[in-house]
Amino acid sequence: MFSPRKIPMNVRGISMANGPVLVVDFGAQYAQLIARRVREAGVYSELVPHSMPVDEILAKDPKAIILSGGPASVFEPGAPTIDTKVFESGVPVLGICYGFQVMAYELGGKVDKAALGEYGKTSATIDDAAGILADSPAEQTTWMSHGVAVEQAPAGFEVLAHTEGAPVAAMADESRKLYGVQWHPEVKHSPLGQKLIENFLHRCAALPNDWDASSIIEDQVKKIREQVGDAEVICGLSGGVDSAVAAALVHKAIGDQLTCVFVDHGLLRKGEVEQVKHDFVAATGIRLITVDAADDFLDALAGVSEPERKRKIIGEKFIRTFEKAQRQVLEEAGARGKEVKFLVQGTLYPDVVESGGGDGAANIKSHHNVGGLPKDIKFQLIEPLRTLFKDEVRAIGTELGLPDEIVWRQPFPGPGLGIRIIGEITKERLDLLREADAIAREELSKAGLDRDIWQCPVVLLADVHSVGVQGDERTYGSPIVLRPVSSEDAMTADWSRVPYDVLATISTRITNECRQINRVVLDCTSKPPATIEWE
């Protein structure tokens with residue numbers, strides 16, 4: 001996983017000022033991952049759709065272009081492609097999988113159905129350890145997923161590698177700075193894949209590694225100050241890392257011009273309310289208004305078991321509560337002769353990509369953590385994290401001096417524990433789940449696993465009664481489900497292989513300390529087919 005330790009911290013300045021690396025998305029499931037890997041190499045990257053006209057692509061002044069994989073076959077009618085002007089532009093281009101085939105096909109190479117499709121782990125023979133394959137061993141373990149192969153490279157290209165099913169598995173035309181590879185260097189199953197990407201960026205395209213947390217902060221602080229001037233700003237804190245880092249970054253830029261609102265809906269994990277009210281404020285000095293609305297939320301949720309209805313009630317209740325606090329902020333600012341003009345949101349780059357948004361989006365995007373903010377708020381948006389992935393946000397939080405407990409907090413849904421109780425939400429059930437969840441998080445942290453696991457939802461099957469024996473007595477309790485998952489972006493996930501001794505400790509503690517729980521079970525399902533959250 002990308003982490004602050006992996007972000008280069010030796011160079012200030014920011015490569016996006018000199019033009020980004022553009023990742024052209026042909027519908028690949030790994031397109032965002034390619035962009036992340038470029039960032040890990042210390043170079044700023046952006047995703048663009050393959051349908052973007054080539055003149056618009058080149059108008060962005062890209063310093064390099066990467067063509068992603070995709071599900072199509074290049075020789076089928078209507079298959080997505082790219083204008084050959086890209087290859088004639090002088091900009092270094094790397095084609096990956098389908099993007100590699102597009103490059104070969106459009107430049108006159110021979111592409112056809114593979115005699116042998118290759119899926120999964122595949123050994124590649126390196127014919128020339130140069131360019132993108134500089135310093136490569138004679139054989140590489142790679143990750144393939146193709147039923148179409150480049151059988152002959154276009155004129156001017158040198159074959160760098162082959163596999164049993166791909167006569168041309170990697171190629172290069174150094175004179176035009178064009179490169180292609182059939183396997184997926186962006187996935188962890190290609191152990192030397194990151195080295196290939198770094199070779200392309202630093203050796204072939206001669207790009208510096210100047211995308212780092214310090215330069216991002218410096219750049220954003222300058223932009224925020226220019227945007228805000230002497231106006232005042234409001235930010236809704238959800239308790240999650242995104243809104244916390246966004247608020248800390250804006251506060252670094254404008255100080256007391258920022259007021260944060262934290263709505264305690266009573267559905268947070270153990271200690272989180274205190275963490276926001278005390279630790280976050282102590283670390284940042286931010287002015288915070290806390291609204292204790294726990295009883296209001298519980299009253300609104302009484303008797304409700306259906307998951308979508310829970311979400312809707314929580315979202316609507318949050319909006320109404322935030323609006324009330326917002327009026328207080330506006331009145332206080334008015335009394336000082338000030339005007340609140342801006343709203344901070346912790347929008348991340350995946351949110352922008354998945355919503356099809358671009359620069360300068362005017363409408364307020366529904367906040368994925370809190371169920372949506374009022375659509376009629378007359379504020380201008382400040383979204384200081386909208387070019388960043390989650391792990392870059394963590395790096396910035398660390399650089400800003402936020403406590404690890406906030407920066408490394410596991411992702412948590414806006415409806416909170418409300419959608420981790422299968423059944424009606426009551427105060428007693430919330431208290432029970434809160435204790436069990438705290439035990440699981442504490443033991444995972446003790447075992448040093450809290451940064452290896454993306455998140456570990458703890459789910460209370462409140463409407464299920466499990467037979468048990470506790471203290472020589474027959475009991476009917478509720479089962480608890482542990483759902484530890486590993487992921488890079490939450491779009492896909494695998495269940496985490498938590499050591500048995502850690503699981504045993506968690507199970508023993510929960511059943512001993514939470515007497516209404518007599519069974520702990522492990523959810524070992526990947527996403528897909530299952531989602532990370534149960535509701």
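Glycine is no exception: its Cβ is also placed from the backbone N, Cα and C atoms.
Here is what Swiss-Prot records for this protein:
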- Cys97: active site, nucleophile (ACT_SITE)
- His184: active site (ACT_SITE)
- Glu186: active site (ACT_SITE)
- Ser238, Gly239, Gly240, Val241, Asp242, Ser243, Ala244: ATP binding site (BINDING)
- 20-210: domain 'Glutamine amidotransferase type-1' (DOMAIN)
- 211-409: domain 'GMPS ATP-PPase' (DOMAIN)
Output the one of Glu186, Asp242 that, of all these recorded positions, has the highest number of other Cβ atoms within 10 Å of its Cβ. Glu186
Using other CB atoms within 10 angstroms as the count, which residue among the binding-site residues Gly239, Gly240 scores least? Gly240
Rounded Cα distance in angstrom between Gly240 (ATP binding site) and Cys97 (active site, nucleophile) is 36
Any idea which of the recorded positions Cys97, Val241, Ala244 has the thinnest Cβ neighbourhood at 10 Å? Val241
Based on Cα distances to Asp242 (ATP binding site), point out the closest of the active-site residues Cys97, His184, Glu186. Glu186
Here the active-site residues are Cys97, His184, Glu186, and the Cα closest to that of Gly239 (ATP binding site) is found at Glu186
Whole-number Å value for how far Ser243 (ATP binding site) lies from Glu186 (active site) (Cα to Cα): 29
Taking only C-alpha atoms and a 10 A limit, tell me which of His184, Ser238, Val241, Ser243, Ala244 are near the residue listed as 'active site, nucleophile'. These are the recorded positions. His184
Can you tell me the CA-to-CA distance separating His184 (active site) and Val241 (ATP binding site), as a whole number of Å? 31
DSSP says Ser243 (ATP binding site), in three-state terms, is helix
Quick one: what's DSSP say for Cys97 (active site, nucleophile), helix, strand or coil? coil
I'd like to know the mean pLDDT over the domain 'GMPS ATP-PPase' (211-409). 85
